[in-house]
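Among the features that TrEMBL reports, UTP binding site is placed at Lys124, Gln187, Gly219, Asp250, Lys393. Annotation comment: TrEMBL describes His220 as substrate binding site.
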Amino acid sequence: FISDFSKAMSQAGTSQFQEVIRQELEYSMKVELDKILATAPSNELEHTKNDLEGFKKLFHRFLQEKGPSVDWGKIQRPPEDSIQPYEKIKARGLPDNIASVLNKLVVVKLNGGLGTSMGCKGPKSLIGVRNENTFLDLTVQQIEHLNKSYNTDVPLVLMNSFNTDDDTKKILQKYSHSRVKIYTFNQSRYPRINKETLLPIAKDVSYSGENTECWYPPGHGDIYASFYNSGLLDNLIAEGKEYIFVSNIDNLGATVDLYILNHLMNPPNGKRCEFVMEVTNKTRADVKGGTLTQYENKLRLVEIAQVPKAHVDEFKSVSKFKIFNTNNLWIALSAIKRLQEKNAIDMEIIVNPKTLDGGLNIIQLETAVGAAIKSFENSLGINVPRSRFLPVKTTSDLLLVMSNLYSLNAGSLTMSEKREFPTVPLVKLGSSFTKVQDYLRRFESIPDMLELDHLTVSGDVTFGKNVSLKGTVIIIANHGDRIDIPAGALLENKIVSGNLRILDH
């Protein structure tokens, strides 16, 4: 091994030396993966083999790539007509036979995530969002409403991960009588890599008990391969389905939009788009979101992780890059099949470093579903209203969607007509509210927020029933102090700090 190195060094300097190291790493990885595969029971062999093959390809590409994956000098603003305003798409109206268009659609929700960031065990989609309804309940209600209203058969497909599959399948039984066919498939299961040795930390295929930390689902870019490998893609094509509408299950704004669907199925110029990405205007809160650019004559999604350090501030500029990706995507099924069979879907690798509970540093290689836009023909961005992007990532987001800012109708949330301006208030809840159960304990009822612009809460704070918040409200309990906002209180443009306890006599 050492003599190999010195030979390589003397022969042709660094690039050949790096090539030798690359080959060594790739060979060592192959040996380890073969050992893992040998531990697979016969009923899991085929599946595990597919997963590890996919991982090997990703690892190979990871070893080839150097530095940020975009050349900043080549990034251009997208041409005018490549990002269409939603108003223009909507102005075309709807055809009489909207049902026949809907029957070509499949709704796909990315359901691989756990609720850990909000202190919950199990799938994030099973967290209660509104009147005891979970993300999954709302999704099923939306599609059921669509199918009943238009007498159609739009199915729901959930892309689960090995983390969410069992729990999700148990829950699905409760929808067996609903008017929605529900299918699931699993995204791949890839081995986490030790950051120092670049070898897998798993020793066998099991992923329960101590081994849960050895594996990870490789990001939603995995949808193309997993969907294809599951056989579901072919089945849906055989049933006459033509497009999927893909979105994150925690984006409550991502409902089926008939105008966008009509634009896809009946394009004004006769040429169908294979890929549509919904984008929306950036606000200060979205400066890190991926943006659509023109790159080597193709629309391309550029994420902050791909930007060379010297240009990060420019990337975050709201004036230069005005839009970001909502991850609501409309993709032609036939195009996924064609590209998958040619192995022609090209997505940048996202290297996600993590530290495990025991202190071990690992990396996960991931891809993002929207990054494939450049592999499809005739792609388009549609600049949609902000209301189509309503993600619930934190309890601060949860407070907004639980409040009277929104009304719920057939599984869809819409901004209340009583709110005078269409923007959402900025809410920042401190660390005492991070976990859902703590958050729920601190609100006896959700405050009236119709006239709220900004809320910051920090420290040990609780809210009584029927509190109203208006304008800018900042509540800061110092360390060791506690603030109880009394029932029925109205706080308008107030800063509350220090120690406030309202005691009942």
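Yeah, the Cβs are placed from backbone N, Cα and C, and that goes for glycine too.
Please treat TrEMBL annotations as automatic predictions, because they have not gone through curation.
Here the structure is a predicted model, which means the values were calculated and not measured.
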Same chain, 6+ residues apart, C-beta under 8 Å of the C-beta of Asp250 (UTP binding site), given in sequence order: Gly113, Lys124, Ser125, Phe135, Pro391, Val392, Lys393
Cα separation, His220 (substrate binding site) to Gln187 (UTP binding site) (Å, whole number): 8
CB contacts for the residue listed as 'substrate binding site' [other CB atoms within 10 A, all chains]: 25
Which of Lys124, Lys393, all binding-site residues, has a Cβ with the fewest other Cβ atoms inside 10 Å: Lys393
Other CB atoms within 10 A, centred on Gln187 (UTP binding site): 27
Local Cβ density at Gly219 (UTP binding site) - other Cβ atoms counted within 10 Å: 23
